[in-house]
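*Asks:* Take a look at the following structure, please.
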Amino acid sequence: MRAAPTILHLDMDAFYASAEQAAKPSLRGKPVVVGGLGMRGVVATASYEARRLGVHSAMPMAQARRLAPNAAYLVPRFALYRTVSDQVMELLGRLSPLVEPLSLDEAFVDLEAGGVADDSASARLVGEQLRTVIRAVTGLSGSVGLAGSKMLAKIASEEAKPDGLLLIEPGTERELLAPMSVRILPGVGPATGDHLRRAGMTVVSHLTEAGEAELVRLLGKAHGVALHRMAQGYDDRPVVAERDAKSVSVEDTFEVDLHDRVRVRAEVERLAARCVQRLRGAGRSGRTVVLKVRRYDFSTLTRSETLRGPTDDPTVVREAAARLLEAVDTTGGVRLLGVGVTGLADFTQEDLFAQAAHAEQAAHAEHAAEDPEGADAVPDEREGPAGEATGAESRKSEETSASRRWPAGHDVRHDVHGHGWVQGSGVGRVTVRFEEPWTPPGRVRTFRVDDPALRPADPLPLVRDGEDYSSWPASLPKSLSGPGPGEGDESRP
Ligand SMILES: [Mg+2]
């Protein structure tokens with residue numbers, strides 16, 4: 001807990017859905033749902049328009065479709081999101097050596113460690129500039145929370161959403177937290193939340209009033225004590241740069257789902273080797289090996305095995321990962337694989353994979369991934385299962401094959417009509433809307449799925465040519481440089 005609000009939390013607003021709206025002019029202002037479109041698919045991100053209809057992250061896709069039948073339903077384009085994420089993280093890295101990414105679109109930044117802010121006024125100025133620069137560079141909005149601790153900075157950015165900034169002045173934390181739901185505190189999930197509610201505690205002030213002894217009685221020593229501290233606004237966790245993290249993990253998202261079990265095994269081996277390389281590079285060893293598998297329908301599961309002692313032995317990690325894989329059903333296809341090693345099993349360290357077990361975070365836990373360039377492989381590997389089925393069944397499998405080859409929302413290029421995106425496919429046809437991030441909403445045309453003039457394409461950048469922000473934060477382009485620190489801080493809302 002520090003005396004100045006110099007811990008910044010940035011969270012991009014409805015990240016995947018906003019990126020899709022920026023890329024697709026016809027979807028701006030409309031409900032957009034990004035996620036797994038298969039039977040067991042879940043919502044990764046809903047645009048604010050879709051949220052108003054009751055759709056939210058981690059909701060089963062079928063339920064979302066009932067609530068928002070007219071929304072656009074799109075398959076995530078991680079290559080695009082990663083590109084934007086890299087731009088955002090690069091900007092954050094200019095502010096401080098201590099940047100702790102939590103997911104593709106979310107990170108803590110220690111402004112004091114970066115020497116860019118040491119009081120409320122300077123922190124607010126940096127936060128406002130950051131939001132402006134992010135919008136200019138990426139075309140998207142992010143919300144910023146500033147506070148004296150990570151917990152409050154994250155709460156602040158949540159309160160600031162969408163497209164806002166909230167600074168919590170040190171000293172006002174308790175008052176601010178008092179009326180909030182207990183669920184905003186880290187570590188209070190649905191189960192603990194229910195437990196507290198049955199004891200009559202629904203808001204944070206109930207926790208401080210109950211006192212530490214009562215919380216310990218209800219939740220046990222460690223959890224009770226920690227919760228009591230957090231309810232009073234105490235949180236001393238430092239911002240930890242990735243290199244200092246207590247877990248090391250690597251993952252790959254595949255542009256084309258992997259169906260071949262042998263290939264899946266080989267990828268896991270490769271990831272295990274890369275993970276150990278990173279682990280050794282950081283001079284660390286770990287005790288628990290974690291495997292993460294995201295399936296074709298976006299359902300994600302993690303499996304872990306704890307060894308007798310810490311290791312950085314590639315064979316040990318590889319074999320553990322292989323054992324974990326054997327227990328996982330990968331029929332239907334694999335979209336993402338990850339291998340991680342967690343160091344000390346410290347409860348303060350919520351490792352990325354554990355978080356990813358929740359569907360919502362699963363959709364966000366992409367920042368460690370590297371993108372295999374596999375566009376050329378699409379037609380070959382997207383073939384549906386070879387079936388001798390006839391009639392309805394064979395038509396169904398054709399449609400599955402078409403929707404895999406032409407995933408809804410993905411980019412295409414047509415020899416005559418140019419760049420567009422797949423609006424839908426089925427019954428041997430694919431419907432494409434031809435528009436680019438900087439054009440007006442475009443026209444829709446329909447083609448045969450095997451039209452030789454139509455090809456999958458790479459995403460276009462969301463911003464074509466902006467101003468030069470390369471010297472920020474040392475200096476700003478003209479349009480951005482308003483009153484500097486000390487001249488007009490109070491005038492900045
Ligand atoms: Mg976000």
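Any Cβ shown, glycine's included, is placed from N, Cα and C.
The annotation active site is assigned in TrEMBL to GLU106. Per TrEMBL, the feature compositional bias 'Basic and acidic residues' maps to 361-370, 393-418. Residues or ranges marked as compositional bias 'Low complexity' by TrEMBL: 454-463. Residues annotated as region 'Disordered' in TrEMBL: 357-424, 437-493. Annotated site 'Substrate discrimination' per TrEMBL: TYR16, in sequence order.
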*Asks:* Roughly how many angstrom lie between the C-alpha atoms of the residue listed as 'active site' and TYR16 (site 'Substrate discrimination')?
*Replies:* 12
*Asks:* For a quick check of packing: other C-beta atoms within 10 Å of the C-beta of GLU106 (active site), how many?
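*Replies:* So the Cβ neighbour count for GLU106 (active site) comes to 21.
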*Asks:* Where DSSP helix means H, G or I and strand means E or B, what are the helix, strand and coil counts for the compositional bias 'Low complexity' (454-463)?
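*Replies:* Each residue of the compositional bias 'Low complexity' (454-463) counted once, the result is 0 helix, 3 strand, 7 coil.
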*Asks:* Using DSSP with the three-state reduction, classify GLU106 (active site) as helix, strand or coil.
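*Replies:* For GLU106 (active site) - judged by DSSP and reduced to three states - the answer is strand.
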*Asks:* Taking 10 A as the limit, how many CB atoms besides its own sit near the CB of TYR16 (site 'Substrate discrimination')?
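*Replies:* Counting Cβ neighbours of TYR16 (site 'Substrate discrimination') within 10 Å gives 31.
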*Asks:* What kind of secondary structure is TYR16 (site 'Substrate discrimination') part of, going by DSSP in three states?
*Replies:* helix
